[in-house]
Amino acid sequence: MAWLGHRRLSINDLSPAGNQPLLHAGGGTGDVLALVCNGEIYNAPTLRTELEALGHAFASRSDNEVILHGYRAWGDAVVDRLTGMFAFVLWDDRRRRLLAARDRVGIKPLYWAEPGDGGIAFASEARPLATLPGIGPAVELRALGHALTLGYVPAPLSAWRGIHKLEPGRLLVWEPGQGAALRRYWEAPRSLAAAGDGDAGWAGLFDRAVADHLLSDVPAGLFLSGGLDSAAVATAAVGAGLRPAAYTLCYPGRPDAEAEVAAAVARHLGLEHRLVPAPTDGLADRLAGVAALFDEPQGYSALVTMAGIARAAAAEHKVVLSGDGGDEVLGGYAWYAGLDPDGPPPGAEAGDAHAAFAARSVLHRHAMRLFPRFLPDEVEALFAPAGLRFGEEEMLAPLEAAFEPGLPLRRALQRVDLATFCADSILAKVDRASMAYGLEVRVPFLDHRLVEWGLSRPPAAEEAVHGKPVLRRYLAGRVPERVFGHPKTGFSLKDTGPFDWNAALDRVAAGPLVRHGLLDPGFRRIVEARSPYRQARIWALLALSLWAGSWME
């Protein structure tokens with residue numbers, strides 16, 4: 001017996017015909033397909049036309065219905081034809097077969113577990129699965145180690161033993177008595193392409209991606225941070241004939257260049273502009289409230305700001321577009337600066353053993369630049385009462401899995417960041433914080449066509465000096481000049497106000513990790529050992545403790 005449930009956020013086809021599960025009956029007895037899907041299929045109009053030409057009759061205008069008919073026509077290969085963000089589960093009753101899939105870069109989440117009764121269970125959140133018999137809310141200690149070193153929990157791991165995240169670009173097939181079988185259907189490029197059609201080719205892909213992401217039966221808004229990425233999304237949206245209302249975080253009572261630049265962009269493009277005051281008071285309590293929304297610990301202050309701006313946007317919109325993903329696709333992070341654009345990964349020309357050592361060395365440095373929190377040996381000391389064993393090899397394993405030694409170092413690190421930091425931190429943060437308020441955030445930069453373009457292009461020398469040159473040229477003359485000289489900040493919390501860091505440590509000491517015997521009561525000496533990173537370490541540990549409190553008590 002198969003049970004499929006769904007809670008709908010109506011965006012395309014607002015009628016009851018779009019309610020899920022979507023069902024389709026074939027010609028034979030028992031030939032029924034049932035589908036639940038979280039997400040949007042942006043090329044649904046094109047696929048629908050193609051399928052109707054093959055004789056398929058649709059029962060709704062839901063974009064998700066193309067998955068049902070596409071499965072009828074093409075089988076599992078339907079996922080190769082989808083452009084969008086999605087996590088879906090499809091039950092084929094005649095074949096007694098279940099198919100689950102997650103979009104290529106992990107925009108939408110999907111958790112799964114095998115409870116031990118011979119069945120399988122899925123959910124968009126881990127919390128319902130943790131209540132199943134045979135699973136139970138048992139903490140996965142390795143996940144806590146990753147949360148304090150990398151700042152997130154990498155897939156396929158989840159924070160709970162027996163619960164897995166379906167990795168991006170993966171299919172899962174399950175049949176009674178055979179268990180789950182996983183298959184990769186997409187991955188980021190492993191080699192460079194020819195130079196191709198340059199800026200014009202990228203601009204065409206980007207404009208099309210933004211136009212596709214505007215597909216909706218309800219008005220769309222826009223997160224406008226004052227940076228290049230969101231300015232580009234706004235520019236392309238206006239070019240597509242829409243002027244979405246823009247939302248920007250601001251810090252009243254202090255100089256705020258970010259909000260000023262965003263306001264200048266909004267005025268230039270003729271957009272309505274909403275300023276959303278960033279939360280700077282009662283941060284520990286705010287963090288506790290946000291932590292309860294998350295299936296796993298996240299160690300970034302942007303959790304609080306993202307929840308705040310999502311809540312404000314949700315008061316007027318069901319859909320907003322965001323500039324997330326631009327740095328991974330176009331190499332915009334500061335940690336790429338200075339890398340030899342044509343340089344191979346260290347040790348690439350040496351023997352396998354040396355190359356592996358060199359790759360691990362560069363990934364360790366990369367991880368420490370991104371996440372100056374705790375080292376693996378410190379994590380082991382923190383969780384010594386629980387018996388956690390967490391070495392450098394464990395910490396770097398997910399990064400090594402995504403590292404491609406055949407690529408120039410810049411592209412190799414972009415590939416790592418896309419598969420790990422972007423999927424398991426940025427996108428997880430955006431999805432949970434927005435969906436908690438009934439808001440869908442769409443990320444045009446992570447359209448797989450743009451990802452394939454960005455990660456397969458030979459690096460240009462100018463990338464080492466000016467990040468994202470193709471984006472700068474795209475925006476030249478289309479937005480105010482001050483956008484180009486504005487330092488990158490994004491939606492991270494820039495002002496913690498009168499935050500009491502010692503009180504935060506006291507809160508950790510009185511929290512569930514210590515009370516349940518997981519965290520060493522003497523954790524303070526470890527936290528204080530690397531004073532330059534004291535605040536980042538306290539914040540990460542506080543976020544972990546508050547998250548644990550929302551689950552364990």
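Cβ atoms are placed via backbone N, Cα and C, with glycine included.
In TrEMBL, annotation is done automatically, which means it is predicted and not curated.
What TrEMBL records for D63 is L-glutamine binding site. The secondary structure of D63 (L-glutamine binding site), as reduced to three states from DSSP, is coil rather than helix or strand.
Non-local contacts of G323 (ATP binding site) by the CB criterion (under 8 A, 6+ apart in sequence, same chain) comprise F223, S225, G227, L228, D229, S230, A231, A232, V233, V443, F445. Marked as ATP binding site by TrEMBL: S322, G323.
Among the features that TrEMBL reports, domain 'Glutamine amidotransferase type-2' is placed at 1-177. Per-residue confidence over the domain 'Glutamine amidotransferase type-2' (1-177) averages 89 (mean pLDDT, predicted model).
If you look up TrEMBL, you'll see D324 marked as site 'Important for beta-aspartyl-AMP intermediate formation'. Note on D324 (site 'Important for beta-aspartyl-AMP intermediate formation'): other Cβ atoms within 10 Å of its Cβ, all shown chains, come to 27.
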Quick one: Cα separation, D324 (site 'Important for beta-aspartyl-AMP intermediate formation') versus D63 (L-glutamine binding site), in Å? 23
At the level of the C-alpha atoms, what whole-angstrom distance separates D63 (L-glutamine binding site) and S322 (ATP binding site)? 21
When a 10 Å sphere is centred on the Cβ of D63 (L-glutamine binding site), how many other Cβ atoms does it contain? 27
Neighbourhood of S322 (ATP binding site), C-beta criterion under 8 angstroms, separation at least six: L222, F223, S230, V233, V430, V441, R442, V443
